[in-house]
Amino acid sequence: MAASGWWCGLSLCAKPKQVASESVHGAQLALQRLTAARRCGGGGDAACVDVEAGKPCKCGEEHTEAAAAGRVAAVEAVHHGKPTSSFAHSVINMVGMLIGLGQLSTPYALENGGWASVFLLVGLGVMCAYTAHLIGKCLDDDPASKTYQDIGERAFGGKGRVVASAFIYLEIFFALVSYTISLSDNLPLVFAGAASHLHLPWVRLTATQLLTVAAVLVALPSLWLRDLSTISFLSFAGIVMSLLIFGTVVCAAAFGGVGLGGYIPALRLERIPAVSGLYMFSYAGHIVFPNIHAAMKDPSAFTRVSVASFAVVTALYTALAFVGASMFGPSVSSQITLSMPPGLAVTRIALWATVLTPVTKYALEFAPFAIQLERHLPAAMSPRARTLVRGGVGSAALLLILALALSVPYFQYVLSLTGSLVSVAISIIFPCAFYLKIRWGRVSWPAVALNAAMIAAGVVLAVVGTASSATSLVQSIQKGHAAKVA
C-alpha cells in the first residue's frame, strides 16, 4: 500500500488523464484514451460503451444524436479531468520522458565531436527548452488545442496537422528500428554463453540475429494489449531502465577500476553534422509536452517546468558524455553499455536494462498508430475483429522493423539520421513556425528575429546532419555487403 502511494505520489501510476512516459510518444496514449462510459439520453435503457472498441449502442435510433453528444462529453471528461500535477510532478514526468535511448550515444558523440561539442549539446538543450516554452504559449493562446497536431492545425490548417502527424509517425518508425538495433547489439553480451553455441543449420541467421528474433517474438504479444494500466506500467518500467543505465555507468567509473584518463580531442569539425543528430535525438519529446501542460494544476508554470527539466536532462547528458568518453577514449562504442568492463555487476545491470528497454517500448510506441487505425475501422466491426486487426497490423509492422534492423545494424547512423531528419523538425523548426504563425502581429520584432534565426539554424542542422548521417549509413551498408561477398 505504501509502495502504491509512493508510485502515485510521483504521478506515475495509471490515471485517466495522464500516463507518464519516458517515451516521446508514450504519453500520447493519455490524450488518446478513448474508453468512456456513457448513457443514452431520454429513456431508461442504457449501455456502457467502449468507444475505442466501437461496441454498438443498445439505445434506440431516436437517441442517436443525443448519444453521440454524450459520448463526446464523456471522452472529454476522461481527457481533461481535473489537473493534479504539481510543479515537482511535472518536472519528474518531463525528465523521465526525455531521458531514453539517446543517452547511450552521448559519450560516443562527445568523443567524436571533441570536448568543445559539449557547447552544441548544451546549446541544443537551451533551444529545445525555449521551443517547449513556445508550445506552452500556443496552448495558452487556444485552450481548444490539446495535442501537438492541434497546434499544427491551428497554425497552418489541415496541412499543418498532416505534416505534424507524418513526422510523428516517422519518428515512431525510426525509434522502433533504433530500439531493435540496440537490442541486437546488447543481447550477445547478456547471453554470451548461449550465443556461442546457438546455431540452426536450416536458418541462414547468425547467433546474434537469432537471439534478436527470439527477443522480438517475446515482446510481440505486448502489441495486442489494450489495457492502459498495463501499458502505463511498461512506461514506468522504461523510466526505471533509463535511470539504471545512467547510474551503472557512473558506478563503473567510480568503483569499476576503469578510471577517467581517456583522451578527448578538442574539436572534430568534420564530424559535427553527424554528432548534432545524435545530440538532437536525445532532446526529442515535444509532441508529449501538451499532455504535461494539460495535467498541470498551474499551467502558467509550464515554462519553469520546461527550464528545470531541460536543465536537469542537459546536466545528466553532459555528465554521462564526459564520464563515458573519459573512461574509454577513442575506443568508446556507439552505445556506452558495449564498452563497460565485462564481469562487473553494474555492467550486467546496464546490459539487462538496455535489453529490457525495447520490450517496454514496443507497445508504447505503437499505441498512437494503433488507436488511429481503430478509429478508421468500420463501426459495425466486432471488438474481437478490431483486436485481431490491431494486433495483426502491429505484429506485421514489428516484424518488418525487425527485418530492417537486422539488415541495417548501424545504431549510431540510424540514430543520427533520426535526430537530423525528424527530431530537429519536431523539436525546433515546427514549434518556432507554429508560434510565429499563431501569434503573428502580437510578437515583438526581436522575438520574430530570434525565432526566424532558430528556424534557419534548424534547417541547416537538418540538411547537413541528414546528408552526413545518410552518407555514412550508405557507406556502412556497402562495406557490410562487400565483406559478405568476400
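Note that Cβ sites are derived from N, Cα and C of the backbone, with glycine treated the same way.
Because TrEMBL annotations are produced automatically, they should be read as predictions rather than curated entries.
Annotated features, as they stand in TrEMBL:
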type	residues	note
DOMAIN	84-468	domain 'Amino acid transporter transmembrane'
TRANSMEM	91-110	transmembrane segment
TRANSMEM	116-136	transmembrane segment
TRANSMEM	162-182	transmembrane segment
TRANSMEM	202-224	transmembrane segment
TRANSMEM	236-264	transmembrane segment
TRANSMEM	276-295	transmembrane segment
TRANSMEM	307-329	transmembrane segment
TRANSMEM	349-371	transmembrane segment
TRANSMEM	392-411	transmembrane segment
TRANSMEM	417-436	transmembrane segment
TRANSMEM	448-467	transmembrane segment
The transmembrane segment (202-224) versus listed stretches 91-110, 116-136, 162-182, 392-411, 417-436: most Cβ pairs under 8 Å: 392-411
Kindly say whether the transmembrane segment (417-436) and the transmembrane segment (276-295) touch, using the definition of 3 or more Cβ pairs under 8 Å where each pair is 6 or more positions apart. yes
Counting only residues 6+ away from its ends, which parts of the chain sit with a Cβ under 8 Å from the transmembrane segment (448-467)? 127, 130-131, 134, 273-274, 276-277, 280, 416-417, 419-421, 424-425, 428-429, 432-433, 435-436
